[in-house]
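To start, I am sharing the structure in question, which I have written as structure tokens.
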Amino acid sequence: MFSVQKWKCSWSMVATVASIIVLVSVVHLFLFPVVPSLDYFSARQVQYKCVPINSSLEQSTDPVWENKPQGLNLDHRFPTDLHNGVVYRNAPWKAEIGRWLSGCDATATEVNIVETLGGRRCKSDCGGQGVCNHELGQCRCFHGFSGEACSERLNLSCNYPGTPELPYGRWVVSICSAHCDTTRAMCFCGEGSKYPNRPVAEACGFQMNLPSEPEGAKLTDWAKADLDNIFTTNGSKPGWCNVDPAAAYDSKVLFKEICDCKYDGLWGRFCEVPVESVCINQCSGNGHCRGGFCQCYNGWYGTDCSIPSVVSPIGEWPKWLKPAHLDIPSNEVTGRLVNLNAAVEKKRPLIYVYDLPPEFNSLLLEGRHFKFECVNRIYDERNATLWTEQLYGSQMAMYESILASPHRTLNGEEADFFFVPVLDACIITRADDAPHLSLENHTGLRSSLTLEFYKKAYEHIIEKYPYWNHSAGKDHIWSFSWDEGACYAPKEIWNSMMLVHWGNTNSKHNHSTTAYWADNWDKIPSDRRGNHSCFDPAKDLVLPAWKRPDVTSLSATLWSRPRENRKTLFYFNGNLGPAYTSGRPEATYSMGIRQKLADEFGSTPNKEGKLGKQYAEDVVVTPLRSENYHEDIANSTFCGVLPGDGWSGRIEDSILQGCIPVVIQDGIFLPYENMLNYESFAVRILEDEIPNLIKILRNINETEIEFKLTNVQKIWQRFLYRDSILLEAERQQTGFNRVEDWAVEFLQQSDDDVFTTFLQVLHYKLHNDPWRLELAHLKKDYGLPPECLIRIK
């Protein structure tokens, strides 16, 4: 539904613009009708079940704020539970937060927001090698191109400079003995072969040496190319670039087995099937995904092609811009239409998403050397979704949800928060995988390289946009998904809100806790990092890690398994360090916490054949991979949540299978722990109390156990990225008329997920963070009764 609110230009221009808009829109709607059989968009929305607590409250017109809400007796209306938590939408929150959400979040109404659609042109339309940002009039160039019009071709080598000893240079992931695509630093068979676009990734193009020990692994000789084999046309030799897939599948010819299909966008043992690559929101249906970078159709821009310009068909605008009332600015009466205003009704909090240069997101996806890196899905030969086990995929899931959310705004002056989309999961996994991403200037530290990316993003937004200075960055949001979260955030952005998986307040562990030297941040100079902690519970938020949608667990409702069926008292399955076969060799791994647990309660013999000193039959502490991991958790009452190299995914495993988390990591917050009331559903044990762990658990009475189990069963969906999963379900249904079993299962879930919880936290912070008092002069319409606002006298 659209209407023209007011026309401030010549009638000739009105007629012209209206004719173009209506004609193009009708043609597009006629030619490309979108009639999904399932209403995914409605399923993704927060369905508030609460009603306003005082319908007679009058909206105040007084913009002056006071310190405390008046007139709402939240303490009386929303009492605490046994552990001082207040339940809102089935979850126990910390009392103050739960009361505000119960009394105010559900009463929020829509406010009128004017969204401005850009119409600035880019030089030479980016020469076909980039996407034009119509807000700034600047090109976002594809991989291997740069310049104002993307006309400069880069030379991104696959190899470091060679030497007599190493003619292809020192080892790097992109190392290539065949044809290097210097726009992406990726290795292919190249012209002259039967399959020129077949990858020759890493060891594929080099000779293999026989193992030095019996049953040992073959070693790659990076100094000697294996061109005779990979380019052979002799079927009796192990070839690759000329191997016919059908003949190889029928075992009629040999092929080099170490060669495989690592790059995204290709499928099959011989990369013979082109498939969809992974892009942010798959370009929202408004572009083509070229290896990870969205090549937007004319008139669309943004990382996921979700932002329309003045020439985009109105009928195809995203749902977060509908319905709209159009307003053409008065200063365009004679010239080209530069901006178009659309008034849209939205609920706060409103989030502005920076359209950063692609080096911070799209290029990192487009240049991936391993298709599974830093994404939560890939596509098979049917272009059907395959969900990955990448814990860091949460960063992509959150980014996609924000971009598609009705809480998104293009109006920075009305925005409550500003999201800065730097994909550190891709930076870390791609660090040093090609010469142009070298760690040579960072003393081998991936943490240092990542800090530099964030610093550059900060410099970009303060140069190109005015919003940072409104609050010195306090209303900005940055995502740090890696093992130690925001520990290596540059000092310039520390005022902002950090979304992390590692909530180390540094109150006890005040140094880098990873045992992996390349991620250690202790050696980063203070003039770059500052001296901040890794996590500040007053401003930051820990989010759950990504967990692959598990239809088997969901359909079996493992989360709801009753107490009487949970026969194991305590369960922990994971790497237990150097005392065990295949254990991590570093004594500092897990800060020694897992090792202490195993020393006391290990249920699997270590290298010396010893069990834990306090071994008990109903206590499982083992490094052995379980074939029924989720079932084992669902059969347990308490489950261990211990660190690895920084955070691990154990809290998610525990909650999603309905097991009471037992947290052992001093001073380190877990997902939502500064917001939700953990005492209502979890147990915290001090590291020094590990020897008393089982005694403590056995002394918890049945009433308390049932209380915690019940609360775990109420909050488990808050650890799922349901919104992102439903976005993908909608894309599959719209694009391929396909509804997979995981889509059906997730459509049946209706409680609040990660993204909804995130929005609730933002709404609370919007009206309760003390620094917001500084912005009172903006006098925004918050869509809330005055009693819900923090007010200045």
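In case you wondered, yes, glycine gets a Cβ from its N, Cα and C as well.
Any TrEMBL annotation is an automated prediction that lacks curation.
According to TrEMBL, the feature disulfide bond maps to C122-C132, C141-C150. Taken from TrEMBL, the feature domain 'EGF-like' covers 118-151. Among the features that TrEMBL reports, transmembrane segment is placed at 12-35.
Quick one: where do these features end up spatially?
In sequence order, C126, G127, G128, Q129, G130, C139, C141, F142 constitute the residues six or more apart from C150 (disulfide bond) in its chain with CB-CB distances below 8 Å.
Note on the domain 'EGF-like' (118-151): residues 182-184, 287, 290-291, 293-296, 299, 301-302, 305, 307, 309-311, 336-340, 355, 357-358, 362-363, 366-367, 410, 464 of its chain, located 6 or more positions outside it, place their CB under 8 angstroms from a CB of the stretch.
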Is it possible to get the count of other C-beta atoms within 10 angstroms of the C-beta of C132 (disulfide bond)?
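Summing over all protein chains shown, C132 (disulfide bond) has 26 other Cβ atoms within 10 Å.
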Using other CB atoms within 10 angstroms as the count, which residue among the disulfide-bonded residues C122, C141 scores least?
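Output over disulfide-bonded residues C122, C141: least Cβ neighbours within 10 Å is C122.
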